[in-house]
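As annotated by Swiss-Prot, disulfide bond applies to Cys4-Cys20, Cys8-Cys22, Cys13-Cys27.
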Amino acid sequence: GIPCGESCVFIPCITAAIGCSCKSKVCYRN
């Protein structure tokens with residue numbers, strides 16, 4: 001539930017490497 005400061009509209013979350021995932025076009029962690 002914490003925004004990772006990255007969007008995932010056109011590309012996947014690079015922050016997935018630290019546990020972020022794409023939700024509602026924004027990368028979130030927990």
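Cβ coordinates come from backbone N, Cα and C, glycine included.
Shown here: features listed in Swiss-Prot, placed on the structure.
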residue: Cys4; record: disulfide bond; DSSP class: strand
residue: Cys13; record: disulfide bond; DSSP class: coil
residue: Cys20; record: disulfide bond; DSSP class: coil
residue: Cys27; record: disulfide bond; DSSP class: strand
What's the CA-CA gap between Cys20 (disulfide bond) and Cys8 (disulfide bond) in angstrom, rounded? 11
Cys4 (disulfide bond) versus disulfide-bonded residues Cys13, Cys22, Cys27 - nearest by Cα: Cys27
Under 8 Å Cβ-Cβ from Cys27 (disulfide bond), six or more apart in the same chain: what's there? Pro3, Cys4, Gly5, Glu6, Ser7, Cys8, Cys13, Thr15, Ala16, Cys20, Ser21
Non-local Cβ contacts of Cys22 (disulfide bond) (under 8 Å, 6 or more apart, same chain)? Cys8, Pro12, Cys13, Tyr28
